[in-house]
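**Student:** Residues or ranges marked as domain 'ABC transporter' in Swiss-Prot: 7-227. Among the features that Swiss-Prot reports, ATP binding site is placed at G43, T44, S45, G46, S47, G48, K49, S50, with the record citing sequence analysis.
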Amino acid sequence: MSEKAILSCRDLGKSYEEGPESVVVLSGLQLELHPGERVAIVGTSGSGKSTLLNLLGGLDTPSKGSVWLAGEELSALGEKARGKLRNRALGFVYQFHHLLPEFTALENVCMPLLIGRTPIPEARQRATALLERVGLGHRLEHKPAELSGGERQRVAIARALVNKPGLVMLDEPTGNLDSHTAQGIQDLMLELSTSMRTAFLVVTHDMNLARQMDRVLHLQEGHLVAI
């Protein structure tokens, strides 16, 4: 593709020291994602999928190579600048949603906007519009404990998208849901990635979800292989 990548990594590697030995988890990874592209990463438990996601999201430091997000090399940024870039250009969705239990659905979705110093009235308006878009306009004032598993994951997706990031990373987004609810979340993700032109990078064991992506990559023995 000629369009500039929203995310790329070059010769990415990660290893850990265990006594006198160095254990290589990831080695020589190359990856590019472009606006609106949907990519799944699959692999066995312990293959390094979550480690890779943490490296690509700037939550961990590679042993080798570089990661570029929205045109910025993550390793060249200080911690504060890296945090600002993540809040602006990147959204995260986890298997267990990680919503703040003491806040309502609306307040949870407002949070990234408020961190970015968006005025409260504007933040509430944007968060409300996105919650309505994911089918939760009637649940704005409900706290996570009052929502179903599928509803909580919809709130998490809305929170990830509220800053209109170029990329959303999802770590097993349907892994804790029944098949019917998981299909609804999959359909929602596909619709939003198309309509908002957001790139989605999904780590999953769910091959049904993976097959709906534009590309599927298998993480095996520290390397990414196209399926």
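Each residue, glycine too, has its Cβ placed from N, Cα and C.
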**Student:** Does G48 (ATP binding site) have same-chain partners at least 6 apart in sequence with Cβ under 8 Å from its own Cβ, and which are they?
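**Tutor:** Long-range Cβ contacts: K14, V25, L26, L219, G222.
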**Student:** Starting from the ATP site formed by G43, T44, S45, G46, S47, G48, K49, S50, give every other residue of that chain whose CB sits within 8 Å of the mean position of their CB atoms, in sequence order.
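**Tutor:** What remains near the Cβ centre is L219.
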**Student:** On a simple 10 Å Cβ count over all chains shown, which one of the binding-site residues T44, S45 is most densely packed?
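**Tutor:** Neighbour-count leader: T44.
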**Student:** For K49 (ATP binding site), what is the tally of other C-beta atoms lying within 10 angstroms of its C-beta?
**Tutor:** 20
**Student:** Let me know the model's mean pLDDT on the domain 'ABC transporter' (7-227).
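**Tutor:** A mean pLDDT of 88 is what the model gives the domain 'ABC transporter' (7-227).
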**Student:** Quick one: what's DSSP say for G46 (ATP binding site), helix, strand or coil?
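**Tutor:** For G46 (ATP binding site) - judged by DSSP and reduced to three states - the answer is coil.
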**Student:** Near the Cβ of G43 (ATP binding site), how many other Cβ atoms are there if near means within 10 Å?
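**Tutor:** Here the count is 19.
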**Student:** Among all the protein chains here, how many other CB atoms are within 10 A of the CB of S47 (ATP binding site)?
**Tutor:** 18
